[in-house]
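Each remark here refers to the structure printed beneath this line.
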Amino acid sequence: MQGVTVVDHPLVQHKLTIMRDKNTSTASFRRLLREISLLLCYEVTRELEMTTRTIETPLETMEAPILEGKKLVFASVLRAGNGLLEGMLELVPAARVAHIGLYRDHETLQAVEYFFKAPSDLENRLVIVVDPMLATANSAVAAVTKLKERGATNLRFVCLLAAPEGIEHFTSEHPDVPVFTAAIDKCLNEKGYIVPGLGDAGDRMYGTK
Ligand code: URA
């Protein structure tokens, strides 16, 4: 499974429109991001491997489907990734979590790492990287490169919005990592913001500026 999946579910699109509106409050923005993350999580986990377990219902014994393999990992690209992480952990509470601290140098737009903490056995797990904005993709590329260096081989990337330039950059560096996004916007502006976009996702989530 490769390439880019646009999750064009009506609920996702409706919520995204409200998030884009500059008059939407911080509280609403945060709540909507959590709600969309549940729907994106549903899509990105659609093809998880299954096995069966013998259980007894009150009526009889049955072979019932259950997730196979080791617990998956959500890798949050700080700080905005945490907005997607929260909802995903509600759906997959047993998941492990990696945190990758990357900030964008506003001059060069390059990703600079300041924090990395992840489970030690990444090679045996599906790793779902979450970051709301795939803009230049510098952070996403750096995050996935680092996770691969630490052993991850089975990765997916989830964002809310992507720029065509970001998708091009990301898929050329990591063609093996499928991307899930709620929308692909028009372009990046000269400051590296997605247009029309929704502004700075971290600032809108946390009410900073
Ligand atoms: N990061 C954001 O938060 N917003 C953008 O538009 C681009 C990168």
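In case you wondered, yes, glycine gets a Cβ from its N, Cα and C as well.
Just so you know, TrEMBL annotations are computer predictions that nobody has curated.
Note that this is a predicted model, so its numbers are computed, not measured.
Per TrEMBL, the feature 5-phospho-alpha-D-ribose 1-diphosphate binding site maps to ARG79, ARG104, ASP131, PRO132, MET133, LEU134, ALA135, THR136, ALA137, ASN138, SER139, ASP200. All chains included, 27 other C-beta atoms sit within 10 angstroms of the C-beta of SER139 (5-phospho-alpha-D-ribose 1-diphosphate binding site).
Residues or ranges marked as uracil binding site in TrEMBL: ILE194, GLY199, ASP200, ALA201. Residues within less than 8 Å, Cβ to Cβ, of ASP200 (uracil binding site) and separated from it by at least 6 positions along the same chain comprise TYR193, LYS209.
Among the features that TrEMBL reports, domain 'Phosphoribosyltransferase' is placed at 6-208.
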Cβ-Cβ distance under 8 Å to ALA201 (uracil binding site), same chain, at least six residues away: LEU33, ALA80, GLY83, PRO132, MET133, LEU160
Cβ under 6 Å from ligand 1: qualifying binding-site residues of ARG79, ALA135, ALA137, SER139, ASP200, ALA201: ALA135, ASP200, ALA201
Reduced DSSP assignment, ASP200 (uracil binding site): coil
Cβ-Cβ distance under 8 Å to ALA137 (5-phospho-alpha-D-ribose 1-diphosphate binding site), same chain, at least six residues away: GLU165, GLY166, ILE167, HIS169, PHE170, GLU173
Cα-to-Cα gap, GLY199 (uracil binding site) vs ASP131 (5-phospho-alpha-D-ribose 1-diphosphate binding site), nearest whole Å: 14
